[in-house]
Structures are given as C-alpha cells and as structure tokens.
C-alpha cells in the first residue's frame, strides 16, 4: 500500500499539541531553528504540505499539493509560538508540467507557485538555490517537514523534524513498488532497514543531498519508515530547464518526458 504524503489539516488542531514521541519527519530530530529558512508551510483544502522558497516570488512544491484557498507561510518554526518574522502569502499563479494538471506517482509531481507579492528576507526566511549538478546514489540527504512523526497513527509535531536518509538506486524502489515504470523522473531515498522516512504532511518539502536541493517529497509506503520501502521524490535536477523557464517568463517551456 502506498501513501501520497499529504495530511488532512483538520487533524492539526487536534494533534499538533500531542505528546512528543520518541520517534521523531519519522525517526528524525527537531530541526535547528536556523537550518530551514527556505522551508515553507502550505495549507489548502484542509490539508498540509511543505514547500521550498526559490526566490522572493517563487515556491516549489508537489503537484498533488494543489488545492483551493491555498495559504503559504514562511519563516515558521514553532506553530504554537510563531517567529516574529513569519510572513503569509497566497498564490498569484500556479504552474504545472502538464497544462491539464495531471501527474502520476512517478511523473510530473511538481508545481511552481508565484506568490501574490514578494517575500522579505529575514533571519528565518531565505531562498534555497537550485542544484548545480545531478544527484548521486549513495549521497546522504536531509529531509524535513511538519508531517506526522508516527505511522500509521498520526502525531503532528509543533516544530519541523529533520532526518538523514540515503539516496538509493531507483531499482530499490522498483523492487518495493512493482507498479513503478522501468524509468521515471523520481528519486528513491530512505533507510533500507527502515526507521527514518518522510510521511503524511511532508509532501512538497525538500530533499537536500550533499548540500544541494535535489528532490521534492512525493509518496512512499504506508505505514511510513518500513524496511525496504523507501520514499519517492520528484527529481529537481531533471526539471531545471522547466523551472528556470517558467521563472523567466517562458510559459511555453515544456517538462522533460
């Protein structure tokens, strides 16, 4: 069974103040308040996602995080005790690889959001650069977000959790999920023995490998963090031409096949 890694926002009021679990994303630790100035919190249609600030006007997230009445919060660490520099924005425009907004669990799960007005940089708000080189299997990657820290039961944290996982060969994910095609524009990342993983509510957030922004949280096993069931992440490097083209104003640019 697989899980698209969004989480109903309806649970936030009920669970965001739940007792902290020894399982901290899952299997991680509380992120340092200064290590995620690019991480954004996205609410839509009673759901929660993450995202990444690329510059003062643009956020990159997963296509399956699209919905009505989207709100984007920047500079967030604790949801209970907000930083003084938290900023709220809404989308001005949304861009998808396919004009019909279609995507699959292994293709085109990527969305660019142009914000309604520029973001002001601050102590807790700063963009993350796009990757300058492709990802390498074996890299140590950092995943982060406000998603559930337990699975299948839901326990939402007050502050984002961070975990180190490994970039794995795509064939590892094909073995775990036979429905995957022979090739795709997704990355496979996790811990083979399980215990660390992104999960529900982390969708759209970044996967940072060797210091470079290489992936977008997309989907994975359900429950999360099971042995030999890594997560799938949209490959950012493969979509660089599309991302840069849209930001530059070229709306005719096409996504890779």
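A Cβ is built for glycine as well, from the same backbone N, Cα and C atoms used for every other residue.
Over in Swiss-Prot, the protein carries these features:
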type	residues	note
SIGNAL	1-18	signal peptide
DOMAIN	25-248	domain 'Peptidase S1'
DISULFID	31-162	disulfide bond
DISULFID	49-65	disulfide bond
ACT_SITE	64	active site, charge relay system
DISULFID	97-255	disulfide bond
ACT_SITE	109	active site, charge relay system
DISULFID	141-209	disulfide bond
DISULFID	173-188	disulfide bond
DISULFID	199-224	disulfide bond
ACT_SITE	203	active site, charge relay system
Quiz prompt | CB within-chain contacts under 8 A for residue 141 (disulfide bond), separation at least 6 | solution = 164, 165, 166, 167, 189, 207, 208, 209, 210, 214, 215
Quiz item: So which of the disulfide-bonded residues is most packed in, judged by how many other Cβ atoms lie within 10 Å of its Cβ, out of 31, 49, 188, 209, 224?
Solution: 49
Quiz item: According to DSSP, which kind of secondary structure is residue 224 (disulfide bond) found in, if we only use helix, strand and coil?
Solution: coil
Self-check item: disulfide-bonded residues compared (65, 162, 199) - the one with the fewest other Cβ atoms within 10 Å
Solution: 162
Quiz item: Could you tell me the C-alpha distance between residue 199 (disulfide bond) and residue 49 (disulfide bond) in angstrom, no decimals?
Solution: 11
Practice problem: Would you mind reading off the Cα separation of residue 97 (disulfide bond) from residue 109 (active site, charge relay system), to the nearest angstrom? | Solution: 8
Quiz item: Should any of the recorded positions 109, 162, 173, 203, 224 have a Cα within 10 Å of the Cα of residue 65 (disulfide bond), which are they?
Solution: 109, 203
Practice problem: Could you round the CA separation between residue 173 (disulfide bond) and residue 109 (active site, charge relay system) to a whole angstrom and send it over? | Solution: 17
Self-check item: Nonlocal neighbours by CB distance (under 8 Å) for residue 255 (disulfide bond), same chain, sequence gap 6 or more
Solution: 97, 98, 108, 110, 239, 242
Self-check item: Secondary-structure category, per DSSP, in which residue 49 (disulfide bond) falls
Solution: strand
Quiz item: Of the active-site residues 64, 109, 203, which one sits closest to residue 31 (disulfide bond) when you measure Cα to Cα?
Solution: 203
Practice problem: For residue 64 (active site, charge relay system) and residue 203 (active site, charge relay system), determine the Cα separation and express it in whole Å. | Solution: 8
Quiz item: Between 0 and 100, where does the mean pLDDT of the domain 'Peptidase S1' (25-248) sit?
Solution: 95
